[in-house]
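Per TrEMBL, these features apply:
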TRANSMEM  54-77  transmembrane segment
TRANSMEM  84-109  transmembrane segment
TRANSMEM  177-194  transmembrane segment
TRANSMEM  201-222  transmembrane segment
TRANSMEM  242-261  transmembrane segment
TRANSMEM  282-304  transmembrane segment
TRANSMEM  337-364  transmembrane segment
TRANSMEM  385-405  transmembrane segment
TRANSMEM  411-435  transmembrane segment
Amino acid sequence: MSGSSPAPLTPEKVMDDVELKKMRSTVFAEGDEARLAQLGHTQELERRFSLVPLIALCVCLMATWEALSTVIAAGLIGGGAPCLFYNYVISFLYTICVASSLAEIASIFPTAGGQYHWVAALSSESTRSSVSFQTGWISVGGQTILTASAAFAAGLQLQALITINNDNYVPERWQGMLFYWAVLIYAMVMNIWGSKALPHANLMAGVIHVTAFVAIVIVLGVMSKKNTASFVFTEFSNNSGWSSDGVSWLVGLLSAVYPFLGYDAACHLAEELPDASRNVPLAMVGSVVVNGLMGLVYVIVLLFSTGPLESLITSRTGFPFMQIYLDVTESRAGATIMSLMLILIAIAATVAGVTSTSRTLWAFARDKATPFDHYLSFVNKTQHVPARAVVVVTILQMLLGLIYIGNTTAFNTVLSMAIIGMYLSYALPIGYMLFRGRKVLYANDYGKFKLGKALGPVMNVVSLI
């Protein structure tokens, strides 16, 4: 349907009973295409990804240690170095539980729809249409904003490089928006005309992700003036303006949660790699563990290397981590090269985010749950990608940049909604799995990644706290 008929907007269109019976089939078919047919869909996308490139895509979209660099000031303001460190550890352990819970569900239902598809399969008939419809839009919205935040970081950091190297440069908002748009357009081009090269591009980005981490940790560890262990681990200081230390600490928690978003991208590419029931869960959990450990090392080194908080907040660059690099190296060239590594990963994260978000929107349209579903569910026969969904996602993200021109506070507020949207889209399928799925699923309904009767409910409960 290509018009603006109200039919596609009805939540009842998300999934019918025939599809649900297929999804609840207790006999797993051999082969990914046969399994996808059991779930009610035909194979339209090429399975050009493999496990390692998919893990690389997820680790770069999460970009945990890089994202941590951009939010260090918020964490330090909330409670000092201990606030950022302990909140990071808590977020890491918590995310392992969430990722494992989602990975188990993804192993059962390996489709590009991800969260909304899982909710449809696990909910009761009376609520199925409504909750899956709502979950789908929450997921699409959260991913759209999350990807925009990566592009926004890359764009403004590119602008900040000019500030580092030119004392006379006065950054303008409209210039930052143009950098932001340029990153998004590059991501769109890569996702359509460079789609066949995406697995290789993700591998290359993964190499940069690891290599830059090692190099920057060594530079900070060797060249910086070190803070004391008590400064890093015990000296709590509330500089947030909140009278309650507890509230201040919780506000600082957001800065540690943000770097762990994005691992669900693996499930949205379930129809583009072989043995999805096994590889998607491994990519989800594996990317969290790899990034979490790298981030743990980085946050310790960074906190031992950071200078006075006031100098970080008032930095001309607008990014405290760039000021840290500049202070440590005492070299504009050194700080530029180090910062450029993070920018490259932010660009790679944008490409990966557009990939993931477009697949979710495409799958949602395929289930006739969006306006113009026939148009958005179209798959380009040459590149074998949902090109129209890619373009629509990119346009929506570009429009968000106009908010930045008008009001930076409003724009930052919109970007912070990525955390709420993403975690809400995670919580809904986990909740249905805990309270209903484990009661109605048979042993042979589960995929190749199983948490078990004892560990599964515990992981689910922790994930919902």
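Backbone N, Cα and C atoms are what each Cβ position is placed from, and that goes for glycine too.
Please treat TrEMBL annotations as automatic predictions, because they have not gone through curation.
Here the transmembrane segment (177-194) has Cβ contacts under 8 Å with residues 147-148, 151-152, 154-156, 158-159, 201, 346-347, 350-351, 353-355, 358, 380, 383, 385, 387, 390-391, 394, 397-398, 401-402, 404-405 of the same chain, all six or more residues outside its ends. Simply put, out of 54-77, 201-222, 242-261, 242-261 has the most Cβ pairs sitting under 8 Å from the transmembrane segment (84-109).
Here the transmembrane segment (337-364) has long-range neighbours at 45, 57-58, 60-63, 66, 69, 111-114, 116-117, 136-137, 139-140, 143-144, 146-147, 150-151, 153-154, 157-158, 160-161, 164, 183-184, 186-188, 190-191, 198, 201-202, 205, 208-209, 212, 215-216, 219, 262, 264-265, 268-269, 271-272, 319, 321-322, 325, 329, 370, 376-377, 379, 385-386, 389-390, 392-394, 397, meaning same-chain residues at least 6 beyond its ends whose C-beta is under 8 angstroms from one of its own. Listed by sequence, the residues of this chain that lie at least six past the ends of the transmembrane segment (282-304) yet keep a Cβ under 8 A from its Cβ atoms are 51, 54-55, 57-59, 62-65, 68-69, 72, 81, 84-85, 88-89, 92, 95-96, 99-100, 102-103, 106, 210, 213, 216-217, 220-221, 224, 226-227, 231-232, 259-260, 263-264, 266-267, 321, 324, 449.
Contact between the transmembrane segment (54-77) and the transmembrane segment (411-435) is absent: fewer than three CB pairs lie under 8 Å, with pairs separated by 6 or more positions in sequence.
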